[in-house]
Each structure stands twice: as structure tokens, then as C-alpha cells.
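Here TrEMBL flags A:185-258 as domain 'Acyl-CoA dehydrogenase/oxidase N-terminal'. The domain 'Acyl-CoA oxidase/dehydrogenase middle' annotation in TrEMBL covers A:266-375. Per TrEMBL, domain 'Acyl-CoA oxidase C-alpha1' is recorded for A:411-560. The domain 'Acyl-CoA oxidase C-terminal' annotation in TrEMBL covers A:612-750.
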2 protein chains.
Amino acid sequence: MENSKLKVFIPFFNLIWSDDLLTQKEHLIIKDFIQVQNWLTINEKEFLASQIAISNPPSRIVLTTWKSEIDKAIAQNPRVQSIFDIVLELSNNDILIKGLATDFIQLENDLGILGEEVVSNFKKNATTFTSTHHSAPTFEIAKLTQILDGKQSAIIQKVKAIISRPEFAYETSTDTAIYREKVYEWCKILADENLGNMAYPKKYGGGENIADYFAIMETLSYHDLSLVIKFGVQFGLWGMSIHSLGTEKHYQKYLKDIGTLKLPGCFAMSETNHGSNVKGLETTATYNHKDKTFLIHTPHEKAQKEYIGNAAVHGQMATVFAKLIIDEVDYGVNAFVVPLRDENNVILKGITIKDCGLKMGLNGVDNGIIRFDNVIIPKDNMLDRFASINDQGKFESPIPSDNRRFFTMLGTLVGGRIGIPRSALAAAKSGLTIAIKYSDKRKQFGPEGGEEVSILNYRMHQRRLFPLLAKTYAIHFALQYVTTRFIERTELEMPEIEALAAGMKAYATWNTTATLQECREACGGKGYLSENRIGALKNDTEIYTTFEGDNTVLMQLVAKNRLAEFRKTYGKMDAMGIISYVYENTKTVIAEKNPIVTRKTDEAHLLDSAFHLSAFEYREKTILASAAKRLKKLIIGGLEPYDAFNVVQHQMIDVAQAYLDRIVLEQFVKALESFEDPQSKVIVAKLSQLYALSQIEKNKGWYLEDGYLEPVKTKAIRKMVNQLCWELRPEAVSLVNAFAIPDSCLAAPIVM
Amino acid sequence: MENSKLKVFIPFFNLIWSDDLLTQKEHLIIKDFIQVQNWLTINEKEFLASQIAISNPPSRIVLTTWKSEIDKAIAQNPRVQSIFDIVLELSNNDILIKGLATDFIQLENDLGILGEEVVSNFKKNATTFTSTHHSAPTFEIAKLTQILDGKQSAIIQKVKAIISRPEFAYETSTDTAIYREKVYEWCKILADENLGNMAYPKKYGGGENIADYFAIMETLSYHDLSLVIKFGVQFGLWGMSIHSLGTEKHYQKYLKDIGTLKLPGCFAMSETNHGSNVKGLETTATYNHKDKTFLIHTPHEKAQKEYIGNAAVHGQMATVFAKLIIDEVDYGVNAFVVPLRDENNVILKGITIKDCGLKMGLNGVDNGIIRFDNVIIPKDNMLDRFASINDQGKFESPIPSDNRRFFTMLGTLVGGRIGIPRSALAAAKSGLTIAIKYSDKRKQFGPEGGEEVSILNYRMHQRRLFPLLAKTYAIHFALQYVTTRFIERTELEMPEIEALAAGMKAYATWNTTATLQECREACGGKGYLSENRIGALKNDTEIYTTFEGDNTVLMQLVAKNRLAEFRKTYGKMDAMGIISYVYENTKTVIAEKNPIVTRKTDEAHLLDSAFHLSAFEYREKTILASAAKRLKKLIIGGLEPYDAFNVVQHQMIDVAQAYLDRIVLEQFVKALESFEDPQSKVIVAKLSQLYALSQIEKNKGWYLEDGYLEPVKTKAIRKMVNQLCWELRPEAVSLVNAFAIPDSCLAAPIVM
């Protein structure tokens, strides 16, 4: 194509043969265009048409020549803005072609080519700002680690040192028997290191340090999660049930041996037919005053104790929850110590134990099904802190209501609902560390002609991982708070703390499930290989949303507690009461709910924690008041309360969710205030902003429905979430490194 | 308490000692209330105070007596509405007590007791409407199954019969080697039944029936998913790569043996460093014209072929994708048949194969890593449908652009992106069948004093499962549509069909991941036991969101395709163009976007599929136009297109999502129109309404931001979603039974 006038068609020919987005239709458009150009001779037209005939593709060499002509044109005038600019260059600024500007631009439009993009692609600029973003932290990792570990730093260091020893190398056998024994051996090492009995009184060999106990649970969770659960069953559930429900005589008899793992035991509450509704347990403990014994019995198959950890292989005793029967009167569910195996691990008479078999995860824990066939235990085996039988064989209890007594007993066991979310938190941290470090290293795609780009530079990838990183940081501080509240609890605060722990258990474990899901997908095929550990983390924590209380059931408990609190404060429930409730303590709300504020979108405002807290509080209070109002209306309207609660069940979950969101943000903001390292404070503050704004974004439907936010503001929030993600990109690897998870625990080859 | 005046305090005492929601504060309120009652003597006041002293709890018998007094009072007047009504009854309508109405009601308020609820709880009405809801289908299951199976009914029956045979009993060994052999044996049985070669030409022993082939893939997915993937690798990826990329000589040589599984093979595309960006593959195929051979070579470790199914144990050959090099010129990625093992399964010289090791799931598939060390293959082994080397040793191709040629080759393999989502669909159906049937049988909690209630009667449980059931039905019809489009495709439609298949692959597999997660949680601990199969379904399908194209990457492809379509139609991109684009074909939109319609909430309107379709289309078009506008603005503003696409990446995913939502709804509505069974049509129509409304609810933030819906309408939609769930409850078990999954495949003991 020596004729420079014909050359002007090169960009179009190139597009036709290279761009797979152009179809027959566009083909025809160019053909028609050529036909109507009066300045072309018939021969020229024929020649041009032949260049785009489907039956006659250009050779690879011709294509390369065209491309180099275009490149030359762009080199001559790097400021070309449209295809027509290139056309002009190719024609050497031919005056005739210049006069065809309108026609050519029309052609570009007809082809639907976004001119600037096509031209930019021709330019092949390999150094885009997306390509050049990279890790460049602005804070000292060790300082942030110190802040996260806080007062538990020493015990955390100790645990990390232990689980990094060679004997803690992961078990890779798929043989469950081998895996279970390995986990048991690990537990023994931990017991020998005095970690198991950390929460028990010093009198019984313990460390009397509950805060350290929870830190141990969390830190162990960087390692194998079967180990953590086996550890928790033995020292937490089994040991603490003795400590919380028993009395001195039980402590003396059992606690030391439990703490050293000389006496492996179980916590036998759940039954096949009663997992969540434990009030309905059917196992019986029938008192025989003549012999001063109890007869422990499983009335039918579906009343067997199920999923009991430590039962299938190692447990020698169990705290068994059973209905106490005296003289044919049912005194509700109480707790009893029942031997299962002798010291040689032989199952005792009357006890039948089945293995639960393979599970999705946690296969290092020997869960079993226990059946009792008229097993006789001595009277002293009743854990009698809350109820007992006197010398006359009569029932005695300071809590006359059977229900209330049972729930009081359960309340003393709330520690398990702190250990589990803290373990879940650690698993989320492991997953994020693996996924973020891998995504930083992994490169895929890139600008035309440029190097491939770290996938962590892609906005969508940031969007998938960073809000979860922010939420995980938020939950870290919230669980610190719950732990402190639990340790410093008074009797009066118990209902609140129980609800808080139940709620945070659900909140943290759901976050872990969601986080690990995203981490697996973010690591692609590598995330699917067992060696990279996300699979184990996912499968082991999968049941966290179910055990220690099904999350959905727990959220309803939380909501009922919030409702009860609400009613106590605003008994009258008239319209003004509700309004004043919503606005009380949400001081800025009234001021904010005017068009200037609902539409306020400046950066300082959007990033202001006062705005975030107001928004969270407002949502919490409004949802709670509205659920209360709706319930009242339904019941007054004639519904049974049971039906009414069912009708609003979905709203109840929102009540709990909004309450927990507020607690979590509040504690995050509070924790930040006490940060002494200014560099890490700046970055973690960005995480708190990201947490707050991505939660608001998630709930934008609600905020828009309510009118608290207007569209212009929710859109600005979405952009701000993107911006925060982008700004956090260079810090992300350091933010996960601050979790300081031992390499031997992470173990994933993709991040080594 | 014989004094009937004192009796009036019984309800309050009962609450104090039984209700664990009452705390010290309320305790004091009652105490104070008693103190100020002037009609009581000092002795009476003291007596009453003693009844609530914390140091002196009532005996269990006293508590029971109080309760029976209350029961008696309610029995006398079952219409009591408040605690004060009970108080009056207990006083035998004492005139003095009557006069104290204001005081007592104030007390109730101060205690924050929602009177009606407390009273209802006292009433212990055991027959609530929540309790009595149950399965009661209104349609014939077999008729719906027939509609779902359609023309593929015969082959589906055949496959079901085969996988129900005793030799298809699930493998329970955790030993990978045993599992892999079992899966291989199963594949051989299927090959013997002529299922593997179903899509191949009759000339080479095949069934020449692509529709049946996809139905086979889907139906096999009710059984072990390792089997499906192994089957798909052999007959789909390996066989179809020969069929799609090779020519007659390859068909003759290989197709028959592939179809009978005499020749097990692999599809070796992915490399460690190039999983998604396969254009960047680094394996080389260097042509030697003297010997008429290629040298296949892996230049470095990260260029190894990775995750290759059938490679670790059984594969004897592989279709290898490698850059073709002739005379030091790179001609882009092409495909070559490379032998890996001899007939005795001995690995050939120059080939190194490593086992990928344990994975989260699909451990019955032998994935491996393949390295080539200067492996020589004859010239004929180049799959030469799209490119070849002529007798002069020169490159020839009808597609001059290397990129375009490679993407054309990939396009011919799009069938894999139909097989995978259809397999995912079957897995979702299995999970829903298990979870819904179990939830129907499983009872937990219930009204005070009543029987426990099927957990499927709980609104939240319905909310968790039924929208996913609806979406799964929706996807069923959408995948039928995609399959038909694929089978009946013309060249011109290929870009659209490729995008559609890529998008539906992402849409269906994400739905499966979400569905199985919810199913696991809905089944609680039972869902965690391997015997109940949700674990295997979850873990096996986990990688579906990654393989055959990472979902997020695919969604961006879809969005780019939509954008290209948009530009072709509306090249000018001026404001009026965009507006007319949005409104075109969304005929009712202009009419609807006025306050009467944005607020329209009557049931008929909310359930009207015309409303649903308009809402979906409007969202699709608006998001697409807005993304196009934003991109243009960014690029005109000076951003490199690569950066601009990164900035809007999040929006691009929305573009694809909205497009797929619309396709899925459209096909669901279309499929319903042709339902010939009126009973099942009524019920499946409810599913389509639930699908549509729950998607709108999920996106209500967007609709409110846009103004297409107003708060009053989004709230009405939420209620309607709840209502539809409730109405579908009696049909749910039958709706999953209509999937007609063989019992031997479901296998879960919890539903047997």
C-alpha cells in the first residue's frame, strides 16, 4: 500500500483482523464506507475491499507491516487522540483527508470504537500507575504487633515458641487414627508446659490467669485447629464444667488431673434430638436415696449424646447433662460426672460409644456418640453448685425455677463463647496472611506490552480482601473487650455479657467463614492445594458457626436480650418514647438528619469516626425500636408471641447485627485512641475507616430506606471504600505481618 | 397466701423468680411498689417483701403453686389481655384492686414487660400457626421432573440407573490412591456404556449428541464429583481439544480410543505462572524443518504445566498448549499432542510428572505437574485446524493475528464452560435436597409447653434456603438456554455465546458455593459429618469458581463484551444516546419512573413478572451505560485505558452481574410460559417471583440510589419475600424431590 491515501485505511484493517470484538457487522460498515468514498478510484476501492475479504485474510507479515506503520505514525505525533488523528498522520496530513474529518469520525462512531481507548492501546504504554503500585509500608511492624498482643505478649511469645518446635510439624497423614494420636500427644506437651490449667485456681496447680488462657487458645489457633479444639474440650469444657458447676469436693478430686491431662474427659451436653434446644435434653439421672446413687440412662436412640469431643478414643470421664428425677418428679437439667473408661482405656459397663466418623474438618478430634444403659454413679458425682440433694433425699436449690437454674448454669460456661471466636479470629488472620502475601507476589495480566502486574494491584482483588482485613482487625479489638468484660464481670452484668459473648461468637465465626472463602478464591488453584493450608483452615472452622451455639440461634438470643433492655428503659413504648430512645445518646443525629448532612460528602466528614459511630448507633437504635414496635403490634393484633417472634425473625437478626456492628466499631475507635505509635495509628485508623464505611456500604439499602443517607452520599462512600483500599495496598503485607504468625504455622509454600 | 388481696402479687413474684430477663433493678421496682401500697398493713408488706428477698428464694413447690394459681385465673377468664387482668382475676374482681388499675399498669410499664407477651406466655397456647405448618404439596412431583428433564429425559434415566448400581457405591477410603483407582474404574464403566463419547462424531464411535453429553455431565454430578471431573477431563477437555483444534488425521488416530478410555489423556494448558492469563504461556514448541519435528520444552520451573487432571497417574498423552517458534519467530500459543506415558504407564523420556498432592476436594482426580525437557514430537502432532506449517516449513493460518487466533481456539473449547456450571447446578440441587428434607424432619424449640417445631417452619430458616432454591431453579432453565444457544450457534453469535457461557459459569458456580455453605449451616452438626455428604459437595465444588476460568476474571470478560456491544450500538455516547439506550426496550420504564409507580406496592404488581423484568432490564442498562460513560471520562481525562479499567473494575463486575440476572430471569419466565402442567406451574411461578424479588431486595441499595424504587416499595418487597417463603414452605420438600436425585447418590443418612 504505497499510496499514502490508501494507507489511511490501515488502522481500520488492523482492527478488523486483530480485534476479536469486531464482528461481521462492523466489517460491513467499513466496506460500505469504502464504497461511498468518491475520491477513490474503482480499482482502489476493489483493492481496499480485497484487504478485508473474509476469504482472503492478510498474511501474518502484512499484519505486522500494518502495525509498524501505525506505530510509526504515533511516534511522529505522540499526542494523537483519535483514530482519525492516526489516519491524518498516515496520509502525511493530506489536505483531502483533512477535509474528510466528519466522515471518518462518523465511521469511528458507527464502529462504536471508544477512540481514546483504541488509540491508547496502539500506544502501548507499559508504565501505568496500576503497574507501579507496590508494598511500601510506613510503619514498624513490631510496634503494631506489640499493640495487638498487649499484656498477653509474654504468654503469646511462649506459645509461639512451643508450637514452632519440630515436634509440632503438621501431621500430613490422611489416616484419622494417626492424626488423633498426634493431636493427643501435642495436648500432652502443652499440658506439661502448664498451658492447659492456666485458668484453674493455683490451689489445684493452675495459673489462675484467665486472660492468658484465652490468649493461649487464640495463639494455638495459628497451628492445627484440631489441636485447639481438643485442648479446649479437655481444659475448657471438661475442666471448666467441673470448676463452674461443681464444688470444692470436685475440684479436689479432679481439677489437677484434668490440668495435667492425666484425666482426659468430655463435655456431654448435645443430644441427637437436642442440639440447640438443650432445655429439652432427655437423658435422665434418677436418684436412688437408698443407695445414694444416680442411674444415668439414655431413654432412646435420639437421646444419645452426640458430637462429644474426646469421647471416641481418649475420654475417661464426662460431665453429663441430664434431667434429674427424684421420686418421679423432674427437676430439670443438671450436671453429673460419669466415668466412661477405666485407666486402661477400656469402656465401662453400660456405656456404649460410637465414633462420629469422618467429618469435613477437625479430624484430629475424636468426636463420639455416647449411650448410657442404666449406669450407676455415686451421689457425690452430681455437680452441685446450683442444685443438690439433701440428706433427706430432697432437692435443694437457691434457684427455684428449673429453667432459670439451667440457664444460670449455662451462663457460667460462657467462656467457651469467648475461646471459640478468638480461635476463629486467629484462623482468619492466617488466611488473610496467606492470601495477601501471595497476592502481593502473584502477577497476572498487565498493560498491553508491559510487565504483568501484582494481582493485589487490581481494585477488585483489594475490594475482596481489604474490607475483610479491616473487619478482622476490628474484631481483634472487640474480642479483647469482650474478654476483659468477662474477666471483670459482676453478677448484674451477666445477662449483657452473655449476650455480648454469644453475639461476638456469631459475628467473629461468620467473619472467619466469609474471610477464608474469599482467601481461597483469591489464591485460585494454589488455594485449593492442601499444602497451602487454606483448605484445612476453612474446613476446620466451618463448624465454628454451629458449635458452642448455632449462630442464627445465638443472634436471636442477642436480639431478645436487646429487646428486653429496650423494654426496661422504655416500657411505655409510646411514639414519643421510641423517638427519644432513638435520638438519646445519638447526639448528633437530629442535626445530621437534614439535607445538608445526609448529603455531606467531603472527605474529612466521610472519614470522621464521629460520623461512623453516629451512623452505626442510629441504625442500631432505629432497628431495635422498630422491631419492638412491630412485635407489640403483632401481639396486640392477636398473634401468639411465638408466632410473632417468628414473623419478625429476620428483623431480629438485624437487631443483633446492628448492635454488634456498633460494639465492634466503638471498641475499634477506642482502641485506636490509646495507640502510642503514631505511624501504625495512621494506618490502622484507615482500617477502622474502611471497616466503618464498608459496613455502611453493605447496609446502604437500609440507610437509604430510612433517609439517613441520600444517594449522593452512599455513592461517595463507595468511592471512598475504593480509595481506602488503594491507599492500604502498600501497607497490606505489613498489616498481616503484624499478626506475627510463625512461619512454621503458616507453612504454605506459596508464601514462603 | 390465702388472703386474696395478697394473691394479686403472684404474677409479679412468678416473673421475678422464673424470668431470667428480670434483674435486680426490676426487683427493686416491685419492692418499692409494695412499700407505697397504703391498703397493705405493715405485716402484709413485710410478708410480701420476704417473698422476693434474694436470700430467701421460694421452694420449687411454692413456685409451682403460684403457677397453678395463675393458670386457674386464666382458665376463669381466657380473654385476659394484661397482667392487670390476671391480677383482677386473682383478687376475685375485688373493688379495691379495680381502683388500683392505674398503679398496676404503671408498674407493668416500669418493669418494661410487654404485657400481651407475658400474658400469652402464661396462657401456654401450644397450637400456634408456626407449629402447624407442614409439607403439603399441591402438585405432582413426577410431572415437574418431566418438565425439568425435558428432551434429555431418556439419557438422564439411563445415567441414573447406571450410577445407582452397587458398583457405584461411594468410596469411603481416605487413601487417595484407592480413591483414584475407584474413580478410574467408574470412568471405564461409563465409557463401556458409551457415555464418554456421546459428543463425538458417529464416524469415530460417538453418539453425536451434544445435548445428551451435557445432560450426562449434569446427571453424573449427583454422584461423586471426582468422577465427573475425571470424566470431563478425559472425554471433554482431552477429547474435545482433539476434536475442536485438530483435523481429520487426528480424529482418525485418537478419537475412538479416547471415547473408549483406551487412551487416557490430559489437557495441559495452565502453567504455574500463567493460570488466568494463558496468552502468556511460556512452554515452547520449536519447529525443526529438517526432521519435521517439534521440540516441546519447559523453559523454567514456573512454566511447568500445573493442576493437570489425569496427569499424576493415568494420562498417556496430553494436548499441550505452547508457543510455536519457527526460525526464532514466535507465532503465539498453539496446541500439540504430546505422549506422556507408554501403554504400560511408564513415563517417557524427557517428561517429569509430579503429583499435586492432597487437595481440599476432588481427591479422586489425579492432578499433576508436567515438565518437558526437550521432548521431540512429530510434525503431525500439531493440532492444525487454525494454524499449520506448510511443506516449505512456513507458518500458515487463516487468522493472521496470533492473539485473535488463540482466542478463537479457546472459543471452540467453550463447551467446558457449560459442563462445569451444569455440574455445579446438580451439586446445588443435591445440597438443597439434603438440607430441605432434613429441615423438614428436624424439630427444635417450640411454643411454651407445646411440641417442638420443624425448623423449616422458622422464617429465618426459610429465608436462608428458599431464595437459593429459587435461584437454583432459575439457573436450571438458564443453563438449558445456554446449552441450546451453544448447540445451535452460528459463527456470528460466538462472541455473545462465549460471554454468556463464561458469565453463567461464574454465576452458577458462585451460586453453588453460596448454596452449599447455607446448606451446611442449615444442617448444623449433621451437616459437618462426612456421611451426610455436604462436606464433599462443598469441597469438591469449591474449585469450580476457579477452574475453567477464574470467576472474577470471567465476569470482567463478560463486562468487556457488554461494553463492546454497547459501543457498537451507541457509538456516539452522547447524553441523549445513553438515555435512549437505557429506555429502549425497557418500554414501561418511563411510565414507571414516576412516584405512583416507584411507590406501587400492591401484591399483584409486586408479583408481576413484567415488573420484575423491567426492573432487571433497567438495572442492566443503566449500570452498563454508566460504566461506559465513566470509562470514557477517565480515559479522556488522561488515564491509560488499563488504569481506567482498573478504577472501574468493581463496576464492571456489577455490569456482568446485572446482565446475567436479567438473562436468568428472562429464561425462567420464558420456561414457565411453556409449562403444560398447571399445578406445578403455579408453584414454580412462585419460585420465579421469589428469585426476582430476592434479587431486587439484594440490590435495593442500587435501586434506591437510582430512584427506580422508593423506600415504601423496597420495604414491601422485603415483606413479599417473607410471604413467598412462607407460602412455599409446604411445597419445598416436593420441589427438591422433583430433582429426582437417586437415593443412592444422596446417600445422606439424615434424609434416609
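The chain as shown is numbered from 1 upward.
Each Cβ is built from the backbone N, Cα and C atoms, and glycine gets one as well.
All annotation found in TrEMBL is predicted automatically rather than curated by experts.
Residues of the domain 'Acyl-CoA oxidase C-alpha1' (A:411-560) grouped by DSSP class, helix first, strand second and coil last, total 122 helix, 3 strand, 25 coil.
Taking H, G and I as helix, E and B as strand and the rest as coil, DSSP gives the domain 'Acyl-CoA oxidase C-terminal' (A:612-750) the counts 118 helix, 0 strand, 21 coil. When DSSP labels each residue, the domain 'Acyl-CoA dehydrogenase/oxidase N-terminal' (A:185-258) comes out as 54 helix, 0 strand, 20 coil, counted as helix, strand and coil in that order. Residues belonging to the domain 'Acyl-CoA oxidase C-terminal' (A:612-750) score a mean pLDDT of 95 in the model. Counted with DSSP, the domain 'Acyl-CoA oxidase/dehydrogenase middle' (A:266-375) comes out as 6 helix, 54 strand, 50 coil.
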